[in-house]
Amino acid sequence: MPPPRVNKKPKNESTTNNNTGTLDDPLKFLDQDYQELKKSCIADQKRFVDDKFPPDSSSIDPKNKLKLDLDKIEWLRPSKIVSDPQLIVQGVSRFDYSQGSYLGNCWFLASVGALTFQKEIMDQVMPADQSFGKDYAGIFHFRFWRFGKWIDVVIDDKLPTIKGKLIFVHSKTSNEFWPALLEKAYAKVCGSYADMHAGRVSEALLDFTGGVHICLELEKPTIDVWSLMDRAAKNKALMACGSQQGKKSENILPNGIVQGHAYTVTGVLKVTCQEQPVRLVRVLNPWGRGEWNGAWSDNSSLWNKVSEKELAKCRSLANDGEFWMSMEDFTKNFEDIDICCLRPDFLDNSSKCIWTSTCYNSIWESGTTAGGCINNKDSFCTNPQFRVKIEALDEECASGQCPENILVSLMQIQENRYRSLVSNYSIGFDVYLIPPEMKDEKLPAKFFYRRRSVEGSGNFINTRHVMKFFKLEPGEYLIVPSTFNPNECAKFMLSIFTKTESHTRKKKPARTYV
């Protein structure tokens with residue numbers, strides 16, 4: 001899971017049509033209609049072969065970056081691999097699969113591990129109307145959220161193998177194929193399997209949910225991370241984390257942690273050890289093996305100091321890649337944690353407060369609305385501007401589980417048929433307090449010459465998505481999203497979540513100026 005990097009400017013290429021893009025009516029990815037294609041295959045008594053993602057080397061690795069012997073790869077349907085293929089065997093579990101050895105997509109599989117915990121979300125991603133049984137036609141479909149729209153992705157079930165064995169993700173149960181088919185559908189969205197190599201867990205978490213995302217750095221957190229994780233777990237959130245980078249990619253430390261690697265967070269628990277509360281975090285390695293061997297690991301003597309009742313809840317001695325560790329060790333060994341939830345309730349969880357959200361789609365256009373960051377004071381004011389009002393909260397709401405009252409999320413939309421060719425600009429946002437005397441209008445350059453921002457996203461980063469969770473005093477504020485340099489063109493989504501009292505049912509939307 002390497003850090004973001006700077007690439008060349010991508011070509012803008014849309015891969016969706018103009019349908020509504022809701023879960024009930026998703027966009028047809030590459031204009032392929034699952035129901036129509038399946039109906040046609042059944043009528044013609046043939047099995048589907050996907051000409052938009054063909055079973056050949058172009059779908060695996062067009063430029064052979066993975067250094068595979070492509071001539072040895074044979075595309076097989078599950079019925080040619082095993083005698084009794086099933087989509088799911090005895091339910092979906094985080095222990096179902098192991099990562100393939102040829103592809104560095106731990107960021108994706110760590111997100112899949114989180115997905116397996118939440119049936120509601122899993123059913124969104126993998127519709128239930130498909131199997132290897134009745135009406136089987138070699139065609140499957142999956143749904144992902146992409147830049148504000150849900151898309152329906154059709155695939156055939158031909159999978160890349162060498163000597164009859166799957167070369168990428170594979171189920172530990174030989175006749176179960178949901179992990180391999182889900183990976184293939186996401187590879188199609190990315191452009192190829194090789195285009196899934198290296199990434200950030202936040203990308204897949206958002207693509208699975210379209211939900212509320214927050215990323216917290218663990219070295220110097222500004223909030224109580226464990227409490228937020230506990231609330232997130234109770235609100236059925238998806239969580240994943242990344243270990244600290246090392247000099248060598250995927251180097252395994254003496255304590256068992258893999259450097260520069262994505263893991264799933266599968267649970268949080270508080271236990272009593274020698275009459276003292278201990279906060280624990282459960283973590284899963286998507287390799288399906290390789291575990292932490294320090295305090296609270298499977299064979300740690302600390303478990304002998306925990307009651308039998310608490311022990312029964314959590315201890316496992318299997319070498320399955322999942323392990324417990326203390327919150328202190330978690331923050332020492334992992335760099336950040338990503339949390340994604342369908343709803344923003346986990347941010348506070350107080351019954352006295354609710355979170356309201358507003359989402360905007362806008363664009364940075366060269367020469368008009370792409371003013372660059374505040375370093376470019378004359379042009380900064382040309383960026384789209386968004387006003388938001390922070391209301392004063394009553395004492396019960398204000399004294400909730402966290403003081404933060406606003407979450408701002410900025411996502412740039414740089415679509416390309418091939419994920420590896422997408423070059424994200426360095427993006428960020430600044431927040432300014434608007435004096436009461438300022439009129440309801442777009443603020444000019446002189447405003448920014450005279451004032452400093454009161455908050456912001458921090459350093460501009462060349463990544464798809466940035467966010468900040470913070471507190472603002474009551475008042476009216478201006479949010480200005482921008483690229484770092486002027487005249488960098490891209491569409492973007494700005495989402496604003498604000499805390500308000502639970503009796504407040506309506507909230508005036510933020511005003512926007514382009």
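Just so you know, glycine gets a Cβ as well, placed from its N, Cα and C.
According to TrEMBL, the feature region 'Disordered' maps to 1-26.
What TrEMBL lists as compositional bias 'Polar residues' is 13-22.
The average pLDDT computed over the domain 'Calpain catalytic' (47-343) stands at 93. For 47-343, the entry in TrEMBL reads domain 'Calpain catalytic'.
Counting every protein chain shown, 27 other Cβ atoms lie within 10 Å of the Cβ of CYS106 (active site). Feature annotation from TrEMBL assigns active site to CYS106 (among others).
According to its DSSP assignment, HIS261 (active site) is coil. HIS261 (active site): 26 other CB atoms within 10 A of its CB, across all protein chains. Residues or ranges marked as active site in TrEMBL: HIS261 (among others).
Counting only same-chain residues at least 6 apart in sequence, those with a Cβ under 8 Å from the Cβ of ASN285 (active site) are VAL258, HIS261, TYR263, GLU291, GLY321, GLU322. The active site annotation in TrEMBL covers ASN285 (among others).
Secondary structure at ASN285 (active site), taken from DSSP and collapsed to helix, strand or coil, is coil.
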